Structures are given as structure tokens and as C-alpha cells.
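Below is one structure, written out as C-alpha cells, with a few remarks after it.
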Amino acid sequence: MFLLMLRQSFFRGRRRKLLATSTIILAASLITALMTISIDVGDKMSREMKSYGANLNLVPKSENLPLEIGGVDYNPLKGEVFLEEQDLGKMKEIFWHNNIAGYAPFLKVPAKLEGKGGAAVPIIGTYFSRLVKFAGNEEFRTGVREINPFWRVKGNWPDDSKTDEVLAGATLARKLGLKVGDRLTVRYALAPTQPEAVTVAGILSTGGAEESALVAPLALAQRIYGHTGKVQSVSVSALTVPEDRLSRKARHGADALDSLEYDRWYCTAYVSSIAHQLEEAIPSAAARPIWQVAASEGTVVNKIQLLMVVVTIAAFIASGLGISSLMVTTIMERSREIGLMKALGAADWEVYLLFLSESALVGLIGGLIGCGAGALLAQLIGLSIFGATVSFHLIVIPVNVVISILIALAGSLVPSRLITRLFPAEVLHGRK
Amino acid sequence: MLSYFVHLMRAFLPLALVAGLLLPTLRCSRSGEPGRWLFGAPAAGLAAGALTYLVALKLEAVTASRATLFGLGLVATGAVAALILTRRRQEPAPFAWWPALCYQAALAAAAIFSFLAASGEEALSTTTVLNSELILNLGGILIALLCSAVLVPVAAQVAERSPRRRLSWGLFLIGTLIAVPWGADLLLALMRLERIELTSLRLSVVAKVGKYAHLAPYGELAILVALALLIWKGRQVPEHAELAALEPAPRRKTKSLILRETRWLKSALYLSVVIVGVLAFYDLYASRPPRISTPVRLTPDAAGLIRIPVAQVADGKLHRFSHLTDDGHLVRFFLINTRGAGASGPPRVGVVFDACMLCGDLGYLQNKNEIVCIACNVRIFVPSIGKEGGCNPIPLKHEANGSEIVISARELDKGARYFSEVLSIKVKDPVSGKELINLKAPFREEFKGRIYFFENEKTLEQFRATPERFAGADPARNFRVQGYRQA
């Protein structure tokens, strides 16, 4: 019976319902768009926090001093302080040494080519895949091939023990027209030194800064630079446990923990406690976990999130008011019908239920259409902010539908109190 | 999402049921202004409980405040029970009103307190940015709140249609189901805070109640379902002929009443079934920790050696075995090719106990290519298995002679105390030589980490006097607290 009445009343006053639906569509599409972007980044961040592996970056302590002003690095020691290559073995002596899955040192050398117009090419020295020996005759294979399995090489990987083979980054190779097997002569760019002859063993694609450089065995880079046994930074790949409450607390520094918590934190393979232990093992180094998503997209998203809250509240109020005025008109128009229902024995709440479910239905439809429109809008915003499309998460739909229904209900709640004030006798006689 | 739903449902189910079942009684016992106070009491209780939890967390006195809260709740329960029992036959007097309200407030306070304490272990979200996990968790909370809210009118309808006596019994049973875990918790807290003496009887009562406390919600819902079914069975539905004989207006009225009653009873049934289903799914499946694969039991040959062909374990999978020591300890160990399946070169097999020096003997699990320590959820770097340190499995001394891995039972026996699982086997009294069942032996004595069993006190005393004579010259077993021992 109730459903029958609802169906009949729903198809009346279509123009007004259309108006109400479009108000909600507008509000819902705005909220959907912002929420889609926010959730996309939020999910990526939470996946990163919950992953079992993490990368740490080890740099000399003085380089870690924040001396960046307006995006320009004023650190006078930039590129001039080094870590000792021989110290790196100490990383396998920390408590969680078994969780260090691999590491690769890096040394970036400004160099230029002899010939080809003396083009400046940075040379990045690293381990490709090298057997490292530790105390106790332990062997350990490490290098960029172990920690970056997604690096792709067309051609061959160079041999770490030779010092005349390099990889050319894909961008650089395109710019200079380098091919596998080309012979090059490189030398240090800032001072006249002995030039070195090298062969391009392969073309490297990484998706990072390495693509516009020559990647060489560490020993070769050190020889060109004239700093034997030095490295600038180390990428460490560690097996970790997902972040939780304790590790978030520890992020404010180890002092924030009491002694019991400190013990638990130290003896759990959180990325932060491994970083702490690496710093203990190599006192001249500072270790920082690299949260890739958190660093790049996190800051923008915080602002988007604030915007979303403001827009949601504004949309809530605006469309609530719109619906409210539409509802008043409806009740006034249909007052005779309400009077008749009451005269036939309907309780107040039954009349309420009819009107509220009607507007909830309007909210549902508006919310669903708004979701579709908002998903498109999100792609536009994503393209203009991040330069990439945003994947749509299904979870947005129920949240948005609930919000839309709430808007519709909130808008109709106040006017529907008019229903109680209608007396059957008065409205049926037309006296009110 | 599921865990939040379950925590909230468990916490609020007693409140919703009791509030609903008491509603009709309270409503008719106090005419005029029925609504406000009935909701005021639980609301005040919720606020008080939440505040208590926050203060307790700040002062690090969660145990003490939980005990106080449950103690107060028990007092309120007692007061209500006394009033109901003494004045069974009369209409509830106005003064029965206040204890009932206090009881609801106490239930509400306990509900919010236990929900906050249970979910305090988990994080609502891993980041501050809005994400799916956060929304799902909030959704779980909202759905559980909705279910509890719907339960109140449903229970009230059931109560309205139940006879007084049956309703009192139902309430009494539900009250018992709520009060018993409270009492056990209070007892435990008093023992922990050293207010009363710790005895083995008290402790075993607490442990038994604690073990079965998670079944209470099922019982409470079963009582609601039982009340609904009893109404269903006892009600008199007029026949078609009877209905047809009525005047149109009374007939429609009767029909509508029957329809309404059927709907309420059905919704009580469906709601209970859904909640029980979700709780059972969580208890039986979702909340279970991951299980290790069943180890293959190996027995050493006459020379006390276990031989495992390398080819059998070279496939890169975790191969778990077990060995039973002569005092009944089950020692688990596993072998894995640390080079992985497709690697070049001969397999390098890591031979390790299935226990961690830090985390104990929960064991390790293979999840696709990863070996995970179940206790602390850390992934183990496979090439390092067989080396000591960190959360690595404890290395087991063995010999590899090309095609076979040879493990001596003596080495396995040394690691027996890393494991806590003890099976029932036949053992011998080392003094008299009489056969006993290890778990049923009247006397036992530990020496060098091994357990010896005795038939009577006399042989025990003899053993105590000169243990070396009976125990043999095997080296002592290792304990986890000793850390890694050099061979």
C-alpha cells in the first residue's frame, strides 16, 4: 500500500522534482570529483604505508641540512661531502641486517664528452650486481639490478669488475644518437684530468633521472672524479613490516616513546627503526625513508581535502535550502491530500514517511547521476593538476549516494513539520 | 571494516537488547513524559563511558577503570534483579524505575568503554588523507550502530507481546550473560591489582569465562529469537472463515494488526540471523591468524640421524618437518632452497627450526614467494635463511653431503625448548623404569632443560639426589632467553 502511494506521488509535480534532482546532481558531482582525487591519492599512500618493502636513502649528514630557500639549494657543502664506500658493509651488521635486501651506492660526477661538441653528461657511478663480502666470510649480491628490478636495459648490463663499460640513459641516447657498442671518451668537466675511453654496453630506461646520464660502475666514476672510495648517497632496499600506531608515534622522533615502546619499536622491522639503526651503524650518514607518494602528491591532496570539506558543507547548505523551499510549495499544494490521508486515519509519522521517502528517492537518483558527472570532472581536475587521469574508486558511489540522500532529507525535514499543523477539517473545507 | 562492525556490535548488543526489552515496562509504569528519560540514561552512560576511557588512557589506568565500571554495572544489575525478584507479582513500582535506568546507563558506559578499548588496538586509517580503508571502517561502525538502533524497537515489540513472566526470564538470562563476563573481569582486575589473593580456582574460573565470553552475543540473540518464536507459536490467527464473518472495518483492522505483528517478528528473526552470521563469519574465519602447514613427522634411524634428500626440498618451497623428542616435545623445523627454484648452481638449503629467537614458536609461513614470520608479520629475506639474527628462524646444525641433508636427533633435541607443543606419549621413569604417560605422570622434574617423569615421590627424591646418574651425559637444551649459542 505504502509503495503504491509512493509510486503515485513520485510521478506528480515532475518539474519541481527535476529541479530538486538537478540541485543535488550539482552538489554531488562537485563532491564526487574532489573525493575521487583525494581517495585515489589516499589509497596509494595507505598502500605505500602498508607495504612490506621500503626504500631508504642514505646521505651524508651535512647534506641533510635543510638549506633550501625558494627551491634553490644554498647548502655550500652540496656535493662536496661523501660517505666512505668501505663503511657500507656495516649496514649488514645492524640488528635487522637480514632485512636489508640490497643496496646501491651512487656517485654523480659532472663530466663531458670529448667530441660530439663537448656535450656535458653527468656520470652516475653505482654497483650493477656485485658480490660483496662481509665479516665472517658472508657473501651478498647487491646493486641496482637487485633493488630496482624494474630498470630495463636494451643491450647488456655492464660488468662491475670492468671499468670501460657504461649504460647510456634512454633520453641521453636519443639526444646524442648513441647506440649499443658506441665508443665514447669522457672526462671530468670541472678540471682537466685524464680522459677515459668507455663502451656503451646498453641503453637504460628507468623512468627517473638516470635516463639523462651515463650510468657507470662505481670504480670508474670514482676514478674520473678523483675521489677513490667515496660515494654520495646510498639507496637501501629493506624488508619491513607495515606502519602502525607505534611507528607513527615514533615518526616524531625516538624521544616521543617511553622505554618499553622504544624497545618494541627498535626490535620491530619498521622502516623508521631500520633507518635509525643504519644511522647508528654509519654515524656520518642520515637515513630517510622514501615515501614516494606521500612526498609528491600528499601535499597537494591535503589542500584538496580541505577544499572538499568546504565544498561539501557549502553544497549541503545550498542544496538543502533549495530543496527546502521546493518542499514547502509541495506541501502547500498537496495539503488537501494530506488532510484526506489524516481524515482516513493516517498517523502523522505515516505522512512524514511518504514525503521523506519521496525526497530520499530524489536524493538517490540525483546522487547516482552526480557520481557519473563527478567522475568525468575528476578526470579533468586530475589532468590539470597531476597530468594524469585518476582511477575511479567504487567506494565513492555509496558515500555520495548517502550524502545526497542526507542532503535531500535534511532539506525536507524542516518543511515537513508543516504536516503536523495541517488539520483535516480546515484543509478539506479550504479554510486554510 | 568487518572488525569495527564486530567490535561495535559486541559492545552495543547488550545495551540495545536490554533497552528494547525494558522499554514497554518502563513506558507503562510511568505515564506522561515517557520518552525523554528513557533516552537520557543511555546517553549519559555513553558520555560517561567515553570520558572514562579517555581519562583512563591518559592516566594509563585502563584495567582499574574497566574494573570500576564493571563493578558499578554489577551493582546496578543486582539492584534490578532484587527488585524484579521481590516484586514479581505487582506492577513495577515507581522506584523500580531508577535502578532500571541506572542499569541502562551502566550498560551504555560499559558498551562504549569496551568498544573504544577493543578498537584502540587498530588504526582507523593509515594516513591522514581520505582513503577507502577509512571510509570502509567508518561504514562498518555506522552499519553496526544502525543495527543496534533497529534492534531497540524490534526488541520492544517482542517484549510488548510476551507475557510478563517469560519476559522476566528472558531479561534474567540476558542479564546473566552480561554479568558473568563482567564479574570475571572484575575478579581478574582485583587479582592483578593485588586487592584480593590470587588462587588457582579463581584464576581458572576467570580463564574459563574469558575463553567463552565471545559466545555471549550469540546467546543474547538466541534469547531474543526464542522470545519471538514463542510468540509466533502461541499467537492465535483467526481462520479465513472467521475473518469473512467480520464486518469490513474490523476485518481490515484485524488483518492489519496480524500483518504488523508478523512483520515485527520476522524482522527480529532476520536481524538476529544477519548479526549472528556476520559475527560467526568473523569468529570462525576472518579473525583467525594464518595457520602453518602441517609438518611431516620424521623419525631418526638407528644411528639417531634424519636424512632428507636435497632433491626433495630443492623446489624453492618451504618444507616443514617435525620430530618428537623422548619427553614429548614436538620440534618443528623446515628446509628451503635459499637460491630459489629457477636459480642456476646447486641448491643451497637453509635448515632451520620453525621458531624465532624473538617471537617464539608461532612459526613461518610461505606466501607466494615470501617467507613471513607469523608473530611479527616481517618478511624474511630468503637468501639469509640459515643465518642468525633479527627475526630469522633459528639455524639448525646439520651436515650436507652433496645429495643429502643429515640432521642428528641430538641437535633437534637441543632445540626442543624453543617449542611449547607437548604431545601425550609413553615415557619411562628414569629410576624405576616403569612406563608412564607423560601428561598424566604424578611427578615431574626438569633437569638440563629436559623433563623427567616419576611414578612416585620416592623415585623423584632419588633422582633429585643424583640427577647425573639417571639423566645421561647429553648436553643441556637451549632456551630462547639464552640467545644464539655457539656450537
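Keep in mind that glycine also has a Cβ here, set from the backbone N, Cα and C atoms.
The feature domain 'MacB-like periplasmic core' is assigned by TrEMBL to A:18-236.
Sequence-distant contacts of the transmembrane segment (A:306-331) (same chain, six or more residues past either end, CB-CB distance under 8 Å): 13, 16, 19-20, 23-24, 26-28, 30-31, 34-35, 38, 338, 355, 359, 362, 403, 406-408, 410-412, 414-416, 418-419. Taken from TrEMBL, the feature transmembrane segment covers A:306-331 (among others).
Annotation source TrEMBL lists domain 'ABC3 transporter permease C-terminal' at A:310-421.
Beyond the ends of the transmembrane segment (A:352-378), by six or more residues, the same chain brings 2, 5-6, 9-10, 17, 20-37, 323, 327, 330-331, 341, 390, 392, 396-397, 400-409, 411-413, 416, 419 to within a C-beta distance below 8 angstroms of the stretch. Residues or ranges marked as transmembrane segment in TrEMBL: A:352-378 (among others).
Using a Cβ-Cβ cut-off under 8 Å and counting only residues 6 or more beyond its ends in the same chain, the transmembrane segment (A:390-414) has close neighbours at 20, 24, 27-28, 31-32, 35-37, 39-40, 43, 312, 315-316, 319-324, 327, 355-356, 359-360, 362-364, 366-368, 370-371, 374-375, 378-379, 381-382. Annotation comment: TrEMBL describes A:390-414 (among others) as transmembrane segment.
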With DSSP, how much of the domain 'ABC3 transporter permease C-terminal' (A:310-421) is helix, how much strand and how much coil, in residues? 96 helix, 0 strand, 16 coil
